[in-house]
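Notes to accompany the following structure.
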Amino acid sequence: MGCGHKDDKASLASSQIASFSHQPHQPPSTPASKEVWKKGGRMFSILLAVHLALLACTLVSSGAFDKIAVHDYDVFFLLTVMMLIVIIWIIFYLFGTSRCPDAILCKDSHAGPIWLRGGLVLFAIFSLVMDVFKIGYYSSFYSCLSAIKIIYPIVQAIFVVIQTYFLWISAKDCVHVHLNVTRCGLMLTLTTNLAVWMSAVTDESVHKAHSKLKKNVTEDIFRWLMKVGMRSSSADECNCNSQICQIFKNGYFWLYPFNIEYSLFASAMVYVMWKNVGRFIDHHSHHIHRLKFRLFRRTFFVGIVLGLIVLVSGLGVLVLYEVQVNSSTESSKKSQALTMYYIFNIVCLGLMSLVCIGGSVIYRFDKRDMDRHKNPTRTLDVALLMGAALGQYAISYYSIVAIVASTPRDAISALNLTYALLMIAQHTFQNIFVIEGLHRQPPKEDHKHDSHQKDLYGLTFVNINAVSLRVPDGGSTLAPSTASGAEAIHPSDFVRSLTAPKKMNWRRNFLREISMFLLLSNIILWIMPAFGARPQFDNDTELNFYGDSMWPAIVDICLPFGIFYRMHAVASLLEVYIMS
């Protein structure tokens, strides 16, 4: 498995390219891949990932119930082993594969953009804090716990640090050595992140179910219910009476949403790397756009101001909701909190839907070409947007059926029905706007206009009328100045170079305002369900219609996809903003 034995036979490809170098249509910078069976290597790595994912899913789901003889420390043992194997492979990749001669012949400019890697680092920091809280919580009563309960967060912290560094420096790599090993390593990394995600979602759901059940019943009944059916963590059998222990326990559960998003972000980036293994990029057709992120470039601040208003208002609604629903047993306060929550979301979703429709209309007047080049990152973005939206679609349609078929109907039911319908409409219109924005070419006018404006701004306080008076209609007097090969500029083009950007930039300005408003609105719509505002569990209509077993299972399965959709939409909208 040395560096000299390349699976793609790059030396053979380069020799054949040299022999056919007389053909002008074949660019020498893009050798043809000579891997014997590319799909075979991909298929093997996919089969490995499927089997590991099924094994992890079986253990995680079995460990959620106390009657099944699978405990949480069995799940932690499997995840620890998987993370250790991934750590070993990443070290091998960084110090072995990537340092081989001609290992990385090209890089995918679209993969791992800076805002995606920045978000990954942000979630990684919160995940590390969560692991610290876990270590502090389990260390408070280590004498009555299995050692794996303390080893797991330590290994997870090391895994997060190494994987974040690996993705930061290697997300754009197109590897051309150790192809099958790299594919299997990347698929193992992806499966490990998904397994950690499944475990975190299950732990969070069980914890919230226990908290709600414990609030509504006495301590004796709660302990009996834990023995009858639902999983009780082995840590619950130990005493956590100290204040510092309670802080650690509550702290790491509040940080679970960040760890969940980190696992999904890392999975998406690893998948793009897996698609780029053995890939050659034709730099003649694969245009690389150096986009600069300028947050306040040519903006009217309307989208930012409206988005901040929605964000701050949503935070206030979240705090009141938590106080009145999760900390109070009075039904009147619960009804007020649900009414406030639904009204805020109806207004927010309505505004977002109208804004998305307006953005799609503006795209009809946009003169930019569609980007039809092969782009695995964009393909994954579109697939994740469409796939993750199915979770919220499912919850909304279940709610619509329950509300329409149930009697009697009250004001909260009407608000819930409106909320469900607007949720479907907003996801649909936002997907259309984002996907169309991702397929647009970045603006090309800036460089053209800048080159013309440099010639103009060389004459300080130039008088356009005076210039047009001195130059004949034929433009012949400009010929001496362009004898060196530069493009001749007619005075009418000279004037249009100033006025054209003003006529064309209004569309880009509106698209930026729309993108920024949607970005901030999606952030608050991610924060609210991720940190406890989940009316699906507090509204009795769906619970009474589907039952106490079916409806919580539907929400527990579908809601994580809806939460992930919001955060992925934030990343996609940021890219649309930068490309506008």
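Placed from the backbone N, Cα and C atoms, the Cβ positions cover glycine too.
Owing to the predicted nature of the structure, the values given are computational and were not obtained by experimental measurement.
Per TrEMBL, the feature transmembrane segment maps to 43-63, 75-95, 115-138, 150-169, 253-274, 295-321, 341-363, 383-405, 510-531, 551-578.
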#### Entry: Folded-back contacts onto the transmembrane segment (510-531), same chain, C-beta under 8 angstroms, at least six residues removed
254, 257, 260, 298-300, 302-304, 306-308, 310-311, 314-315, 317-318, 321, 341, 345, 348, 351-352, 355-356, 358-359, 362-363, 366, 430, 433, 437, 559, 562-563, 566-567, 569-570, 573-574, 576-577, 580
### Message
With contact taken as 3 or more Cβ pairs under 8 angstroms (pairs 6 or more apart in sequence), are the transmembrane segment (75-95) and the transmembrane segment (150-169) in contact?
### Response
yes
### Message
Same chain only, please: residues at least 6 beyond the ends of the transmembrane segment (253-274) with a C-beta under 8 Å from a C-beta of the stretch. Say none if there are none.
### Response
45, 108, 111-112, 116-117, 119-120, 123-124, 126-127, 129-130, 133, 160, 163-164, 167, 170-171, 173, 183, 186-187, 189-190, 193-194, 196-197, 200-201, 203-204, 207, 376-377, 380, 384, 530-531, 560, 563-564, 567-568, 571
### Summary
Near the transmembrane segment (115-138) in space but 6 or more residues beyond its ends, with Cβ under 8 Å, are 145, 149-150, 152-154, 156-157, 160-161, 164, 167-168, 171, 235, 240, 244-245, 248-249, 251-252, 255-256, 258-259, 261-262, 265-266, 269, 293, 571, 574-575, 578
### Message
With Cβ-Cβ distances below 8 Å as the criterion, list the same-chain residues six or more beyond the ends of the transmembrane segment (150-169) that contact it, or say none.
### Response
76, 79-80, 83-84, 86-87, 90-91, 93-94, 112, 117, 120-121, 124, 127-128, 131-132, 134-135, 138-139, 142, 189, 192, 196, 262, 266, 269-270
### Query
Going along the chain, which residues at least six beyond the ends of the transmembrane segment (383-405) come within the CB cut-off of under 8 Å?
268, 413, 416-417, 420-421, 423-424, 427-428, 431, 434-435, 536, 541-542, 545-546, 551, 554-555, 557-562, 564-565, 568-569, 572
